[in-house]
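Student: Handing you a structure now.
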Amino acid sequence: MPDCQICHSKKTIDGDESPVISAIMFGLGIFGNIAALVILEIRRRRDSKANDRRHRGLFHIFVISLVFTDLAGTCLITPIVQTAYAWNMTLIGMAKNSNSTSSACQYFGVSMTFFSLATMSLLFITALDRCFAIGHPYLYNRLVTKKWAYITIPVMFLMCTLFCLLPFVGFGIHVQYCPGTWCFIDMDPLEVADRVYANLYATIMLVLVLSIVACNGFVVYQLFRMYRRRNKQGSAMKSMRTSNERRMFVAHEVEHLIPLVFMTIIFIVCTMPLVVR
């Protein structure tokens, strides 16, 4: 039997497997997200007196939604891994009888799919917001409000939920992977519908990744153009107020761009191996 098939059906965890790495990742995930929430709150209070408070608040809504989503994913998924190690049972082994499908494996697969899609979608929305703000500032100031975020985020969560529930109607399947502590979409299914579902997931993730990179690249390009334009202003008659406002705007956008770039790199590193597979 192929190794992957053995992983799909094994009931116990090998004795040489250690929960240390999973526990460390869990601790770092909790600490990182809580630290991010604290920093965001400090930043929100610092910016509360700014004139463009409405649009800074819009970016804050997207980022804090992203952090809460990632934190929720960490808290709802990782404890199952630790439980499997503690009981020395795989997710399939947690089923009441050998003929039943493990609800733990189904839950883990759905959760993994949902939170990977949701976090990447939120990162895309955040990057698109910055791209629109710096590329078309006039339209952005006229059209974009906090209501846009309050509508977009729930719709995005609903679409991710519907996609993740498709395996329950026969379109896609979740299987267990070694060492038996996690389940995910079957990346090499036999049925055509299951293969289409796996490829559809990979395609969506790849499009989101490329779109995020493109949006961030566009923002970097626009900021570089603004920086060069400001440096080429040689006339002494230029308004110092205008120059200072432009400098503050560029610095403000760079502050937004830096966390976006770091989050993009982290999520790409975490998701691309599955997407490529």
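Quick reminder: no glycine exception, Cβ is built from N, Cα and C everywhere.
OK, TrEMBL features for this one:
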TRANSMEM  20-40  transmembrane segment
DOMAIN    32-277  domain 'G-protein coupled receptors family 1 profile'
TRANSMEM  61-87  transmembrane segment
TRANSMEM  107-128  transmembrane segment
TRANSMEM  148-177  transmembrane segment
TRANSMEM  197-224  transmembrane segment
TRANSMEM  257-276  transmembrane segment
Student: When you scan the chain for residues with a C-beta under 8 Å from the transmembrane segment (61-87), skipping those not six or more beyond its ends, what do you find?
Tutor: 13, 17, 19, 22-23, 25-26, 29-30, 33-34, 36-37, 40, 94, 104, 107-108, 111-112, 115, 118-119, 122-123, 125-126, 129, 146, 149-150, 153, 180-182, 259, 263
Student: Looking at the transmembrane segment (197-224) and the transmembrane segment (107-128), are there 3+ C-beta pairs under 8 A, with each pair at least 6 apart in sequence?
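Tutor: Touching, yes - the transmembrane segment (197-224) and the transmembrane segment (107-128) meet the threshold of 3 or more Cβ pairs under 8 Å.
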Student: For the transmembrane segment (20-40), give me same-chain residues lying six or more residues beyond its boundaries with a C-beta closer than 8 angstroms to one of its C-beta atoms, as numbers and ranges.
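Tutor: Same-chain contacts beyond the flanks: 60, 63-64, 67-68, 70-71, 74-75, 78-79, 81-82, 85, 181.
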Student: Kindly state the mean pLDDT of the domain 'G-protein coupled receptors family 1 profile' (32-277) in the predicted structure.
Tutor: 76
